[in-house]
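Asker: Structure provided below as structure tokens; questions to follow.
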Amino acid sequence: ETIAYLRELEQKVEELESNRVAGTAVRKLHDVSGKKVLAGSKRKASELGGDDTERVLPKDDGPSNIVNVTVTDKEVLLEVQCRWKELLMTQVFDAIKSLRLDVLSVRASTP
């Protein structure tokens with residue numbers, strides 16, 4: 001489900017890029033659930049609009065699953081906290097790469 005959320009983020013990035021050309025910005029929050037990962041990824045925010053934005057997306061039912069997306073000046077920080085699943089980080093990194101994002105630092109932990 002974390003991968004599905006990253007795909008939604010990809011659609012939103014494309015939306016923002018197309019809206020930026022038109023001079024408007026659209027922001028939406030989406031519910032998320034997933035597995036245990038904490039990863040950092042950065043991308044030039046000038047491609048995304050360049051303003052300071054933070055989104056926290058908790059899931060109300062079940063265990064705590066949190067996705068934080070922070071956009072500041074020229075970078076994007078993506079933090080994902082969820083339950084552990086084998087090979088999930090590989091899937092998350094593949095999804096991040098498909099969004100044309102570069103992973104600059106990673107911190108993973110288990111409870």
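Quick reminder: no glycine exception, Cβ is built from N, Cα and C everywhere.
Feature table excerpt (TrEMBL):
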type: COMPBIAS; residues: 52-61; note: compositional bias 'Basic and acidic residues'
type: DOMAIN; residues: 67-110; note: domain 'Plant bHLH transcription factor ACT-like'
type: REGION; residues: 40-61; note: region 'Disordered'
Asker: How many helix, strand and coil residues does the domain 'Plant bHLH transcription factor ACT-like' (67-110) contain under DSSP?
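Answerer: Going by DSSP assignments, the domain 'Plant bHLH transcription factor ACT-like' (67-110) contains 11 helix, 19 strand, 14 coil.
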Asker: Return the average pLDDT for the domain 'Plant bHLH transcription factor ACT-like' (67-110) as a whole number.
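Answerer: For the domain 'Plant bHLH transcription factor ACT-like' (67-110), the model's average pLDDT rounds to 82.
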